[in-house]
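First the structure, in the form of structure tokens, and then the observations on it.
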Amino acid sequence: MDVKIAKTAGFCWGVRRTVDKVMEVADQHRAPVVTLGPIIHNPQAVARFSEKGVGTVNGIGEVTDGTTVVVRTHGAVREELERAEARGLEVVDGTCPYVKYPQAMAQRLSREGYHIVIVGDANHAEIKGVISYSEQPCTVVKPGGPVPEIKAKKVAVIAQTTCIGAEFERVVGVLALRHKEVRAVNTICNDTEERQADARALASEVDAVVVVGGKNSANTRHLAEICRAIQPRTWHVETEAELGAAWFEGCRVVGLSAGASTPDWVVEGVAAWLRALR
């Protein structure tokens, strides 16, 4: 089977930066090292960190004194970081710089009197962190969902870094017709936009698509949605163990894309499995 791999498949710059930082901290510290939440949304990568002795906690309350805490790629809720500082814990900030941008915008624009609207998943760690930096209540609009009525004269719209651009545009358009002043700040990561454009192009050129990445990874799920809209024979898997040969009957070329948190070795494992098909 011929396999066409998307140019952008695998770790983005921000994730690779955080992964390298975790490995460096694990190698240099004798004291316990934990990440505040899964460092990235990929079970295989998290398992590798565990083998290095890096644990995972859900909150600072679970951390023992003397432990080094690494903030994950998606950032953390501001109050949790304040608790860590108050306890004198060593904190290594692995937050992606692109995630820090919507955090800063939420804080700055809320101080300027704007009601903050975030296009994204309210349950995602990144959005929880962004909300914590706003100094006023926020409204989170789920991609594809209705835009609620907001009682505010000034509205500022930002987005989850992995949001689909068309959804951000849709929400801004709806709000622009309702409010006298709407400020739109595009906080979607450039890598996300490039990866999604790459996925669209790939899906239009192949007989089937496999998107590789954690089932809990928002950007990977979005890639699968984008590909499936163009090529119905699209599957989202975490590893080659989930693949079935019958899926690819009649296919000559299979496209392979992967989320920003998918390790290279996982992508290669899926590619090797596909190439072995006859």
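Placement of Cβ uses the backbone N, Cα and C atoms for every residue, glycine included.
Annotated [4Fe-4S] cluster binding site per Swiss-Prot: Cys12, Cys96, Cys189, in sequence order. The annotation dimethylallyl diphosphate binding site is assigned in Swiss-Prot to His41, His74, His124, Ser217, Asn219, Ser261 on the grounds of sequence analysis. Under the heading isopentenyl diphosphate binding site, Swiss-Prot lists His41, His74, His124, Ser217, Asn219, Ser261, citing sequence analysis as support. As annotated by Swiss-Prot, (2E)-4-hydroxy-3-methylbut-2-enyl diphosphate binding site applies to His41, His74, His124, Thr161, Ser217, Asn219, Ser261. For Glu126, the entry in Swiss-Prot reads active site, proton donor.
For the dimethylallyl diphosphate site, the Cβ centre of His41, His74, His124, Ser217, Asn219, Ser261 serves as reference, and the other residues of the chain with Cβ at most 8 Å from it are Ile40, Thr73, Ala125, Glu126, Thr162, Gly214, Asn216, Ala218, Thr220, Gly259, Ala260. Counting every protein chain shown, 25 other Cβ atoms lie within 10 Å of the Cβ of Glu126 (active site, proton donor). Measuring Cα to Cα from the residue listed as 'active site, proton donor', the binding-site residues that fall within 10 Å are His74, out of His41, His74, Ser217. Here the C-alpha separation of Ser261 (dimethylallyl diphosphate binding site) and Cys189 ([4Fe-4S] cluster binding site) works out to 14 Å.
Other residues of the same chain near the [4Fe-4S] cluster site, with their Cβ within 8 Å of the Cβ centroid of Cys12, Cys96, Cys189, are Trp13, Gly14, Val15, Thr73, Tyr98, Val99, Thr161, Asp191, Thr192, Ala260. The Cβ of Ser217 (dimethylallyl diphosphate binding site) has 25 neighbouring Cβ atoms from other residues within 10 Å, across all protein chains displayed. For Thr161 ((2E)-4-hydroxy-3-methylbut-2-enyl diphosphate binding site) paired with Asn219 (dimethylallyl diphosphate binding site), the C-alpha to C-alpha distance reads 9 Å. The number of other Cβ atoms within 10 Å of the Cβ belonging to Cys189 ([4Fe-4S] cluster binding site), over all protein chains shown, comes to 25.
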